[in-house]
Amino acid sequence: MMKDQRYYKAYLEHRTISRRGLLRGIFKGAGSVPPADQAINSLCVATVIRPPGAVSEALFNKTCTGCADCISACPEGVIVLKEQRPELDFLSSYCSRCDACIQACSVGALQKSEFQINARPALNNPCQNTYMYCDSCADRCQKKAIRWQSNTPPVIQNADCDGCGECAFVCPVNALEMSVTLAPAT
Ligand code: SF4
Ligand code: SF4
Ligand code: SF4
């Protein structure tokens, strides 16, 4: 699937989930956030991969100044600035969970308590393990989020994954690709 198509699909999924969240919020009538703001917050979802610990997309866009301190702090070089906001670019690196970006963010747009990355790996090309032994992704996953069996592609357990991207980085045949998904903090 083309990258644009994936983003669009992810965007639509976000809209579906967010609407459910919006209805839940309205029916509960809980919290001090006015319904109009709840609606705006619920419909404003990340369509790009944010650095770890990013607060909800609406708040992130209000809070982040685009100062690029997180980018300077990242030892892996996985954060890039696009449209004056930081995004993760997993094409040549991954997140080693060092927290440096979170520490560097002086305005609270990145929060340690929210450490998650709004991306998950998906098989986008043939897995080498179907014709030649390979367990690199499962071996490197620190979250044990990859279920591996011989002679078949790995199964990603999204609930255990935090979106670090290491599996995609180490895959020798680029079978895995990180795609944006519902931001855990939205
Ligand atoms: S946690 Fe560390 S490696 Fe991961 S994006 Fe932040 S600075 Fe980079
Ligand atoms: S993205 Fe990271 S945590 Fe998720 S499956 Fe891959 S290696 Fe494991
Ligand atoms: S690292 Fe890549 S080729 Fe190897 S098992 Fe994982 S997805 Fe398949």
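Any Cβ shown, glycine's included, is placed from N, Cα and C.
Heads up, TrEMBL stuff is auto-annotated, nobody curated it.
TrEMBL has this to say about the protein:
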DOMAIN    56-84  domain '4Fe-4S ferredoxin-type'
DOMAIN    86-115  domain '4Fe-4S ferredoxin-type'
DOMAIN    152-181  domain '4Fe-4S ferredoxin-type'
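Across the domain '4Fe-4S ferredoxin-type' (86-115), DSSP helix (H, G, I), strand (E, B) and coil residues number 8 helix, 4 strand, 18 coil. When averaged over the domain '4Fe-4S ferredoxin-type' (86-115), pLDDT in the model lands at 95. Per DSSP, the domain '4Fe-4S ferredoxin-type' (56-84) is made up of 12 helix, 4 strand, 13 coil. In the domain '4Fe-4S ferredoxin-type' (152-181), helix, strand and coil residues by DSSP number 5 helix, 7 strand, 18 coil.
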